[in-house]
Amino acid sequence: MATGADVRDILELGGPEGDAAAGTISKKDIINPDKKKSKKSSETLTFKRPEGMHREVYALLYSDKKDAPPLLPSDTGQGYRTVKAKLGSKKVRPWKWMPFTNPARKDGAMFFHWRRAAEEGKDYPFARFNKTVQVPVYSEQEYQLYLHDDAWTKAETDHLFDLSRRFDLRFVVIHDRYDHQQFKKRSVEDLKERYYHICAKLANVRAVPGTDLKIPVFDAGHERRRKEQLERLYNRTPEQVAEEEYLLQELRKIEARKKEREKRSQDLQKLITAADTTAEQRRTERKAPKKKLPQKKEAEKPAVPETAGIKFPDFKSAGVTLRSQRMKLPSSVGQKKIKALEQMLLELGVELSPTPTEELVHMFNELRSDLVLLYELKQACANCEYELQMLRHRHEALARAGVLGGPATPASGPAPASAEPAVPDPSLGPDPTKDTIIDVVGAPLTPNSRKRRESASSSSSVKKAKKP
């Protein structure tokens, strides 16, 4: 009679050890025979990810039955390890001690070296690096017809071409080996000039009509001047080198001052343009009918440059805003301008924070913008007056020293007040002397001097406004 263990063995049921020991079988084991088996296999294969291990690292571990790790170490051949030599069972290629000759040598010297037996009888592999210069050969008739020169004899010309073939046109070596005792003493430039002159003559004579010629040209005069200049540069004294460096530094300073003057002139031109644009805008607004709304006026007014006074922000975003926010000065206005603006408003008797009605906000912002523009124009005018006065004093000093080309005038004191300066004729164009003086003599304005001048100009403007 079959027991429960036999039935379980026939149905391939792997129940718990307690059931196997008891020899009993349940109804669930017969109805669902695969559930417990899969559950057992899943319990044995899966395990929890250790704490501290990243998910990507854990995914690299073996967790799937289909992707079992190899039992033996495998080598794919593509890795960071050093590839070891794969020694086979084939025979090694034999090497042989054999003689060879170098085609570059003309003395027929015989040498020996190790070489593979399969390469016996082949040419020397390094013979292909033996490159020689093709020096032209001329006949007696060609020399008499085209190459004759009174300063050179035929024997000396033959000697030059023989050395050129021996030393591959290394003219410094040719000059060293040249026979100066038998022939006239020549320089390297003389040897080059004679050689390339003969090459050009022979190329012209032997050329086929209708072909493009590549005639070598050598300028001996330019080569002599170049070497002379290099010799002078090499033989400079330390004092001359220091003087040259000083002149180069002065040249850089002059160029920097010139760029700074150009930038200041551009800024001044922008301020003048902004002032003209603002004045024209005021005239247009006065002529316009008063029925139009201020919003339409703002939309119709011409575009004003950004440097014209203050550019207040526009609050056009959706939401509730206060008119007083439109009266706040933007962060681009510096503290110095803000203090000067407050001082000018106090002098004019205007409140610093009036009632923010629509009309007052618009007019107050325009007033402060015009005051800032006036402040910048006064600063630019003071800078120009200071520079003009400084250049005038320098011009007088140079005129007294006689640097400008005229006779030196004694420094007897300032000119009388009745004397008027000569006005140049505008039809003759700009005076080159003045341009030269300004470009070379003009001194840069340091930040400290500029701040002192700006503060002095602002204080002087305030004093002038206080006077009745």
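Even glycines carry a Cβ here, placed using N, Cα and C.
Features as listed in TrEMBL:
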type	residues	note
COMPBIAS	1-11	compositional bias 'Basic and acidic residues'
REGION	1-48	region 'Disordered'
COMPBIAS	26-48	compositional bias 'Basic and acidic residues'
DOMAIN	124-202	domain 'DAMP1 SANT/Myb-like'
DOMAIN	243-401	domain 'DNA methyltransferase 1-associated 1'
COMPBIAS	258-267	compositional bias 'Basic and acidic residues'
REGION	258-305	region 'Disordered'
REGION	405-468	region 'Disordered'
COMPBIAS	406-422	compositional bias 'Low complexity'
As a quick check of your reading of DSSP, tell me how many residues in the compositional bias 'Basic and acidic residues' (1-11) are helical, how many are strand and how many are coil. 7 helix, 0 strand, 4 coil
Taking DSSP helix as H, G and I and strand as E and B, the compositional bias 'Basic and acidic residues' (258-267) has 10 helix, 0 strand, 0 coil
Taking helix as H, G and I and strand as E and B in DSSP, count the residues of the domain 'DAMP1 SANT/Myb-like' (124-202) in helix, strand and coil. 48 helix, 2 strand, 29 coil
Taken over the domain 'DAMP1 SANT/Myb-like' (124-202), the predicted model's pLDDT averages 91
